[in-house]
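Below: one structure, written as structure tokens.
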Amino acid sequence: MGCGHKDDKASLASSQIASFSHQPHQPSTPASKEVWKKGGRMFSILLAVHLALLACTLVSSGAFEKIAVHDYDVFFLLTVMMLIVIIWIIFYLVSTARCPDAILCKDSHAGPIWLRGGLILFAIFSLVMDVFKIGYYSSFYSCLSAIKIIYPIVQAIFVVVQTYFLWISAKDCVHVHLNVTRCGLMLTLTTNLAVWMSAVTDESVHKAHSKLKKNVTDEIFRWLLKVGMRSSSAEECNCNSQICQIFKNGYFWLYPFNIEYSLFASAMVYVMWKNVGRFIDHHSHHIHRLKFRLFRRTFFVGIVLGLIILVSGLGVLIVYEVQVNSSTESSKKSQALTMYYIFNIVCLGLMSLVCIGGSVIYRFDKRDMDRHKNPTRTLDVALLMGAALGQYAISYYSIVAIVASTPRDAISALNLTYALLMIAQHTFQNIFIIEGLHRQPPKEDHKHSSHQKDLYGLTFVNVNAVSLRVPDSGSTLAPSTAPGTEATHPSDLVRSLTAPKRMNWRRKFLREISMFLLLSNIILWIMPAFGARPHFDNDTELNFYGDSMWPAIVDICLPFGIFYRMHAVASLLEVYIMS
């Protein structure tokens, strides 16, 4: 991969020889390089922190009417940041292409194919969203600022350039322009996080306005916009045409894909930043070429159950959207909430039991733990643990509100059970995924001789025919057997031919568990990402915490919970392949 093992070893050897030859004259060279490496990282981190705070301040201030920060101010900052990142990416690609020693080695764990494939999928939907935005804002060109149209155009170019950059450079361990590269990668990461914050805020404001419009008259709604949260500047323009309504509803429905794209890109950029100036030790950094076989060596139980959960969840989502968001009758709303909670309780309960079973199977797994340095795995674990905190917070707030509130009805009991199972499922699933990520891939049995291993490549073989060709006595094999090796009995050959066909039962069960959890996490990501949010439709938390505090808690924590589901899908896919 990349420059290959020979270039890496040669560079390491030359650097060691150079360091030994100059040791009497420069005894502190390694220490000074390490200090400068930490200094370059610290400078890039400080740059990212200041830019992130500035973007967070503008984005949060632009969400309220009384603060003199407009949405086009936020768009102007994001446009400038994306243009700078585009220029830096072009500089990086050109400089690394011209310098043959720029990338001496590559990290095989960084940027796996399923992560880059997911990035491309979210990038496609993000581009469609930008097209819808351009069409929507173009309808109000006369009453909107020009930056509202320029921003989605620049964002589309940014998505295309960044996706191409991450597709070809996600595994790079660059060794030129180290400090510039670190700062550029941190600027890219901060830009993605700023775009993510803007998208989350815009989506939350839109949903809050939709809920207000559903519950109050148009006059009261306009008054609330003047004294409370800011409306989009397009709200002041008339959107009467059908094509305008399609553009408006379309790009809001595509916001979840753009949000996930920004988070996926941020994770991949962070791994690249960790790999700047890194040398890969190929003695400890094993490259496992694992083949993804979805429908081989499985019982199909996990896939079938997962598909049942997925299809059932889509049906629940459709009914929930129709009865809660389109109907004003309280009875239909209660039925929809009851159906939603029952489905999630069953789904979360099954997932928790399956995760516990998977952790028990790991206790009997004979594979060694992978303790080598792996920035990608470290980031995966940190994101799983950190993103789960969002759903933990919502669940604990719900538990406190339900226990402290009176009276308690059936929906409150279901909500309490749902919150407790959500905490349990996140905990058990994190344990299962982290154990799977730290296991080494299955290895072939190395006890067989080389001529026995050659027989493993036969796809169709008649075992009886092979045994007939091999003499029963060891005398005939003696002349062809090399000195110092043992003669192989025909029965051993037969066992060696049939042994690889039997897959370990632990691996089969782990694959079934991983596939079931993967499909279940997909539907648990789809439901809140596309409108099924009982936190706003259940009155218990709203009455307990108030109309201002509870929506703020959900708006802050729920995006982390949605990201957790999608990141769990990617991690479970890796666990499936590693099993």
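Glycine residues also receive a Cβ, built from the backbone N, Cα and C atoms like all the rest.
A TrEMBL annotation is a machine prediction, not a hand-curated record.
Residues or ranges marked as transmembrane segment in TrEMBL: 42-62, 74-94, 114-137, 149-168, 252-273, 294-320, 340-362, 382-404, 509-530, 550-577.
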CB contact flag for the transmembrane segment (340-362) and the transmembrane segment (42-62), at least three pairs under 8 A: no
Range from 42-62, 74-94, 149-168, 509-530 with the greatest count of C-beta pairs under 8 A to the transmembrane segment (252-273): 149-168
Result, the transmembrane segment (509-530) in contact with the transmembrane segment (74-94) (3+ CB pairs under 8 Å): no
Residue numbers, six or more beyond the limits of the transmembrane segment (114-137), whose CB comes under 8 Å of its CB atoms: 144, 148-149, 151-153, 155-156, 159-160, 163, 166-167, 170, 234, 239, 243-244, 246-248, 250-251, 254-255, 257-258, 260-261, 264-265, 268, 292, 566, 570, 573-574
Stretch of maximal Cβ-Cβ contact with the transmembrane segment (550-577) [cut-off: under 8 Å; candidates 149-168, 382-404, 509-530]: 382-404
Contacting positions for the transmembrane segment (382-404) when only residues 6+ beyond its ends and CB under 8 Å are counted: 267, 412, 415-416, 419-420, 422-423, 426-427, 430, 433-434, 535, 540-541, 544-545, 550, 553-554, 556-561, 563-564, 567-568, 571
